[in-house]
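Features as listed in Swiss-Prot:
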type: REGION; residues: 1-95; note: region 'Domain I, interacts with DnaA modulators'
type: REGION; residues: 96-141; note: region 'Domain II'
type: REGION; residues: 142-358; note: region 'Domain III, AAA+ region'
type: BINDING; residues: Gly186, Gly188, Lys189, Thr190; note: ATP binding site
type: REGION; residues: 359-478; note: region 'Domain IV, binds dsDNA'
Amino acid sequence: MNKTLNPQEVWIKAVRNLEGFFSSPRVIGYLKKASPSIEGESLIITFPNSHLASVMDDIEVYDATKKTILDSYPSIKEIKITISPDVLEKEITEEINDLVQSMEEEDFALIDHTKPVIPNFFDQNTRVNFGGGPNNHHPTTGVNPRFTFDNFVVGKSNELARAASISAAERPGKSFNPLFIYGDSGVGKTHLLHSIGNYAKFLFPSLRIKYVSSEDFTNDFINSISSGTSQKFQEKYRQIDILMVDDIQFLQKKQETQESFFHTFNSLHNSSRQLVISSDLPPKQLMGFEDRMRSRFECGLVCDIQKPDLETRIAILQKKCQNEKKEVSMEILTYIASCFSSSVRELEGALLRIFALASFNKEEINMTLAQKVLEDLGAQRGDKIDPIEIIEITAKHYDLAASDLCGNSRVANISIARQIAMYLCRELTDVSLPKLGYIFGRDHSTIIYATRRISDLIGKDRKTFSDIYKLTQFILRR
């Protein structure tokens, strides 16, 4: 423990600094309710309940808080957000009991009904005792703190996947191992994987957790071969307690990488370490994989996430309105939800554009405005849009070459045009992050960063909003 710092003084100073940054009394009021503590090089910020902790779901609040603390206290390397264990136990137990009751009324063929669907999450005797004490140095987890079970909207289309994910986080290696989640792009698979990591880390602070995309795993494997560090690569992945691999389908036909993953899988599974895998297809339909690999995927629980039904889509929009502190009538939310039936990302993107247009035009959010935005977005459009076409159109708009947007130039006008093209590809296509990263010649994390940056600029900079608006219309009406 860092004995030179008083956690209470650290937190009081941080909140005072943030008072000049945020005008909302709600944000500061919520932060003042938290209790700080220091563990190693981490400042632990504990909220009394999940409602108060939700203030940290706002990326602006989270980033500002982290920057304020880390800039003021160099000995603190990270902040961790937690909820009072007693309250969290009560909240989750009630939620899971309700879900288990609803599950018992239906027939889930994929579950072994000789075992309980969801174990007693808070039975201390069932928890797995992993090696490594609290002072163990953990590798970078790759887990995004913004994605939690608390802000995952539940509906009939995803309740089984969510319940199984919670169970895997609560009893790593003992409940549904491996857990294989599949579904179309944009339905919430990645959100669940990050939620597993965040919840497990809260329950088991010493746990070694790793989230990777299949692209990350492939790059690590290739780099280990080229640098002669294969042994370190094996040690890195085979000492993990929970390994989550996103978009496994992109390992198809990569025989050497598959062989490495096969042995990693066996090593972890034989040691009762938890594996969670996501894909756009069920194991049986994964082409380019050996039968032995597909059979490994099927030896635990395989569950899918369907496209969200209308009620769930409305609930997602309501949650987004709550997070953005916007009031939108149920009539408008229902209309928006009825226009987007497949991707949660498209659904939320449409709502954010309505917010932005209303803000810039200084008008109320009404049905006329919503209809205009959705018409311009080409809601329920049937034909697919090619990312290459988006790159070419964006480059032409900024009087650049398409190769500039896929190149390495950091010149300001090229950089912003590139990020706008990435944002449009993410918003207007169903192409996965790894594939977009490949198209732009970058890691998928760059696509995520660009999307967030442009999303933020849309609400603040009229020119960015205008450019996005014009480009979107041109692309959809091409």
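Just so you know, glycine gets a Cβ as well, placed from its N, Cα and C.
Features as recorded by Swiss-Prot, highlighted on the structure.
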residue : record           : CB count, 10 Å
Gly186  : ATP binding site : 21
Gly188  : ATP binding site : 27
Lys189  : ATP binding site : 24
Thr190  : ATP binding site : 21
(message) Other than Gly186, Gly188, Lys189, Thr190 themselves, what residues in this chain have Cβ atoms within 8 Å of the centroid of the ATP site's Cβ atoms?
(response) Gly183, Ser185, Val187, His191, Leu192, Ser278, Ile305, Val344
(request) Please spell out the DSSP helix, strand and coil residue counts for the region 'Domain I, interacts with DnaA modulators' (1-95). (result) 54 helix, 17 strand, 24 coil
(request) State the three-class DSSP label for Gly186 (ATP binding site), counting H, G and I as helix, E and B as strand, and everything else as coil. (result) coil
(request) Sort the residues of the region 'Domain IV, binds dsDNA' (359-478) into helix, strand and coil with DSSP and give the three counts. (result) 84 helix, 0 strand, 36 coil
